[in-house]
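Have a look at the structure below before the remarks.
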């Protein structure tokens, strides 16, 4: 019975992991197109190109699997998996509804989630180093620099929520959540979401894959399924960052009729945030490398520290 | 008074507004474009009007019009008259891989044998197949739109004025003839009724 339960939770997480990133990807296709006055994919699948990403996947699967002659073979081939799988593990720990509606309730869930998400960036660094290509290396190093800068405000913002809740467990944080946390933690939410975007290397923080100057950064030498895995990891990343922001700062499953519709609230908040991710991508131009670093250290870190102080003061005041 | 970040918010508003607007994209192979009648799609040939004067071929800046012809002798209509010769068109081809759609051939044609057609779907997989012969050019004639209507107060075109004058003269003559012999006309009417 216990084994069956575990298997079921794992399979459900896997299904979510395989389906929702594709939904987000399709949404990005269509939303971006309409924001630019285009239609986007219209043919694949018949109705408004709903099967575009399926068709893309089939195309990627048909492509030849190429490893450059000078590449570090093993690391090169492993990198996409290292980049993709952490998001699956993170998804396992994100609570979807009240009363244990979660893949696996982990006591130090917040810690686990942040640590594992950092691993995903290592995959990109591996790809950049192993490709034996100067553009890949530049992209990989930029990824590393970006990770170093943005991990700090992200962790500080998350720590503020953990402090407010008095627990590191994600379901525990949601159990302790009150509506007034929304204005209380809003700065932290902004910092966390922005830093999450930067960690995913989504525009406007996509300097590591800036195609106009370093081709496609760490992914330059990749093709076929491995390349598709990197793209999938980006969309899985959007899902995870949106879901985490929803859990930590928007109250996750809290909402009217949370007992029955908790999962729906969680899904709605996640997708609303994913829409914002796409919206930001369409609207803003890419930040230059120095602006990128400056923004992290001069804007986000002080903001996160300020949030931490505010949380501490209010926590002491109401305790 | 401007707050920091107003520009960023404006940017977001612009993209959001664009998203809610209907896109103007026309899905071409499914929906045909509405082209203005003067579109320069392809050059059509009304070969009945062509006299093989060669003006178009000579004026063409990149020499993409190929014309072959021969002379035919028409027997004299009257015993004392000279036999007439006439040009017969053997080949009229336009190489659309060279044509730059300047329209000079159409401008110079003195007999209105060349026209612009808005038809544009004649891509080929082989560049040699872009040389289109007279039968194809004649077929495109059916896609040439009617000339735009004259302004309401415009002068009557010369051709129509001449034709109308001739028709009026004939009608007047017929009317005069009918007035001169009313009897005969009634008879003929009755005969017609009997038949």
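Placement of Cβ uses the backbone N, Cα and C atoms for every residue, glycine included.
The domain '4Fe-4S ferredoxin-type' feature in TrEMBL is assigned to B:41-70, B:90-119. The [4Fe-4S] cluster 1 binding site annotation in TrEMBL covers B:50, B:53, B:56, B:109. Under the heading [4Fe-4S] cluster 2 binding site, TrEMBL lists B:60, B:99, B:102, B:105. If you look up TrEMBL, you'll see B:176-195 marked as region 'Disordered'. Among the features that TrEMBL reports, compositional bias 'Basic and acidic residues' is placed at B:182-195.
Proximity of residue B:53 ([4Fe-4S] cluster 1 binding site) to non-local residues of its own chain (separation of 6 or more, Cβ distance below 8 Å) is seen for B:110, B:111, given in sequence order. Spatially, by CA atoms, the binding-site residues B:50, B:56, B:109 include one closest to residue B:99 ([4Fe-4S] cluster 2 binding site), and that is B:56. Around residue B:102 ([4Fe-4S] cluster 2 binding site), the C-beta neighbours below 8 angstroms that are at least 6 residues distant in the chain are B:61.
Non-local neighbourhood of residue B:60 ([4Fe-4S] cluster 2 binding site): B:104, B:105, each in the same chain, at least six residues away, with C-beta under 8 Å from its C-beta. Other residues of the same chain near the [4Fe-4S] cluster 2 site, with their Cβ within 8 Å of the Cβ centroid of B:60, B:99, B:102, B:105, are B:43, B:56, B:59, B:61, B:62, B:64, B:65, B:94, B:100, B:101, B:103, B:104. Take the CB of residue B:105 ([4Fe-4S] cluster 2 binding site) and look out to 10 A: across all protein chains shown you find 22 other CB atoms. Taking the mean position of the Cβ atoms of B:50, B:53, B:56, B:109 as the [4Fe-4S] cluster 1 site, the remaining same-chain residues with a Cβ inside 8 Å of that point are B:51, B:52, B:54, B:55, B:105, B:108, B:110, B:111, B:113, B:114. Non-local neighbourhood of residue B:109 ([4Fe-4S] cluster 1 binding site): B:55, B:56, each in the same chain, at least six residues away, with C-beta under 8 Å from its C-beta. There are 20 other CB atoms within 10 A of the CB of residue B:99 ([4Fe-4S] cluster 2 binding site), with all protein chains counted. Summarised as a single figure, the pLDDT of the domain '4Fe-4S ferredoxin-type' (B:41-70) averages 92. Helix, strand and coil counts from DSSP across the domain '4Fe-4S ferredoxin-type' (B:41-70) read 8 helix, 10 strand, 12 coil.
Taking H, G and I as helix, E and B as strand and the rest as coil, DSSP gives the domain '4Fe-4S ferredoxin-type' (B:90-119) the counts 5 helix, 10 strand, 15 coil. In sequence order, B:89, B:92, B:111, B:113 constitute the residues six or more apart from residue B:50 ([4Fe-4S] cluster 1 binding site) in its chain with CB-CB distances below 8 Å.
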